[in-house]
Amino acid sequence: MASLLWGGDAGAAESERLNSHFSNLVHPRKNLRGIRSTTVPNIDGSLNTEEDDDEDDVVDLAANSLLNKLIRQSLVESSHRVEVLQKDPSSPLYSVKTFEELRLKEELLKGIYAMGFNRPSKIQEMALPMMLAHPPQNLIAQSQSGTGKTAAFVLAMLNRVNALELFPQCLCLAPTYELALQTGRVVERMGKFCVDVEVMYAIRGNRIPRGTDVTKQIVIGTPGTVLDWCFKRKLIDLTKIRVFVLDEADVMIDTQGFSDQSIRIQRALPSECQMLLFSATFEDSVWQFAERIIPDPNVIKLRKEELTLNNIRQYYVLCENRKDKYQALCNIYGGITIGQAIIFCQTRRNAKWLTVEMMQDGHQVSLLSGELTVEQRASIIQRFRDGKEKVLITTNVCARGIDVKQVTIVVNFDLPVNQSEEPDYETYLHRIGRTGRFGKKGLAFNMIEVDKLPLLMKIQDHFNSSIKQLDPEDMDEIEKIEY
């Protein structure tokens, strides 16, 4: 599990337990909603209309975030370099290699070790001394799924809570119901030995009458419900909040209304409240939002090492239609040794058609698309990771963040394009980046119609890489392909 793991061996069991936990929580028609996602499975389990299937399968940021948390089996050993910008450049910059150096409460140390974790991750080494400092320091941090950021801010909240004071002291905003529950599970596990510290969820369906005396010290919720609890129902006194966490900021600003609601909540907080913001990306819109909501922050950025195409051999095959593409795919399968493969389609219709064709020809195939619930997607990815299926056919929902060591081939059954029908360079990079990982060699095949050839040439020029034409009828040529 992504945000639970700090570097121990507890991951696989926790992943399985959380998969089970969420499958009991999420109703088929209550899957993550509102963030660009337009379709979910019908209530009877049937698939949606063909009109929906013709649309590009657009990535749902919140669903992807939850999916990555569910499928992570260990802490990500990030190759990113951590860049720290202090609000006071003259102050000494501290980092830690052990949890003991943080001088935590004994019950917190016990909770950390009971979870099976032993040392801070790379980003935690720099972030935790700032988050636990006295007086409190504000922080804006770029942190991707799997780097231990949820555990870090949960530790900060638990460290500042006074169990004897029975009112909300820490407030955490998450973009969805499911992500709020996920964070709460981390609080419950890490705070296992923190006697009399409790969590409350300000999420849809948790109806609390106006005037109720809320005695739980940590509140986790979505912006709309938290806003209602604070200003309409008067359940939370924001002037008493000591730690304010805004998680998944990039997802927040992608959701209509959430950024304004978050800012309104933040403006009612006391000046001495510690404010922490986390985002997987630092695009201009995210950065502008972060600067509006977090005053005088320290900043932690990940200087990302670019995905490289140097260890991926790229080919293209000219085809007339999708049946042509499928025949070319069969020829490639017949000519080279394949471990596991991921095949990307631009629409659900093509993904479903290809799945049926391959299954009828006896291939072990699984289909992954945005209409599935997050739990269904996590189950499919785990089966693929376990080798129960050798081919994963997917839309853009799987373009990034899913690492399977056995993947040796990526096929673009359709080239990724944007709404202007121009090449989507970033998606292309992340698609073929599913192979050639962990220092291994990989192969990428692009199945394209003749009229799409100019798009492929733009991709080749953009990445300054070589994409060779392959004759799918020349089996001798195919058999000579090496990783």
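Even glycines carry a Cβ here, placed using N, Cα and C.
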Please identify the range among 5-18, 61-74, 313-326, 355-368 that Swiss-Prot labels motif 'Nuclear export signal'. 61-74
Looking at 97-125, 445-473, which one is motif 'Q motif' according to Swiss-Prot? 97-125
Ranges 215-218, 247-250, 375-378: which does Swiss-Prot label motif 'DEAD box'? 247-250
Candidates Ser143, Thr150: member of the binding-site residues with the richest Cβ shell (10 Å): Thr150
Residue counts (helix, strand, coil, in that order) that DSSP gives for the motif 'Q motif' (97-125): 16 helix, 0 strand, 13 coil
On average, residues of the domain 'Helicase C-terminal' (311-478) score a pLDDT of 87
Helix, strand or coil: which one is Lys149 (ATP binding site) in, per DSSP? helix
